[in-house]
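Asker: Grabbed the feature section from TrEMBL, which reads as follows:
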DOMAIN    7-210  domain 'Alanine racemase N-terminal'
MOD_RES   36  N6-(pyridoxal phosphate)lysine
């Protein structure tokens, strides 16, 4: 078994254990593999090990990989998520190539993505990025801005609002992690009441995965 296969197996086992501890079905939790800076050979190994959802931080690098795998039988059924900061001069590439954008935080970018999504493609799935720890260095809106921003996205026909994303400040203590993620879960439930298609809460990485899953990620 390769290192990539072993790593994926280990992470899936951790996800399953965390889900079972909070009485959730492991299948409810989707693993998004961050493939930024990884060569296509490594991604191909991950695909062979059953991974189909990949996250890219850099627009052009992600587009190159999407186009590479689109030519291969192995590329069928892959789902590409843009998870990096998005500048307006790169929005067209995201609109034309990705299935998801996790980092929406500005109405102007939302409008550009909507206008630049090609006819014939399904709406771009989008998540609103929340700066849940109120860090000056982090992207995202504050929770108080969420209702108005969600309303602005909801009227754009080529975008589909699917939920929220957050990367909290690093925190070693599980209970503190859970407290922050629970704020996100409350905001998610409120958003879902207003927009029934909302179904995705994107949060949790290697060090805080268990708390994120307990809070509904």
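Glycine residues also receive a Cβ, built from the backbone N, Cα and C atoms like all the rest.
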Asker: Including all protein chains shown, what's the count of other C-beta atoms within 10 A of the C-beta of residue 36 (N6-(pyridoxal phosphate)lysine)?
Answerer: 14
Asker: On average, what pLDDT score does this prediction assign to the domain 'Alanine racemase N-terminal' (7-210)?
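Answerer: Taking every residue of the domain 'Alanine racemase N-terminal' (7-210) together, the mean pLDDT is 96.
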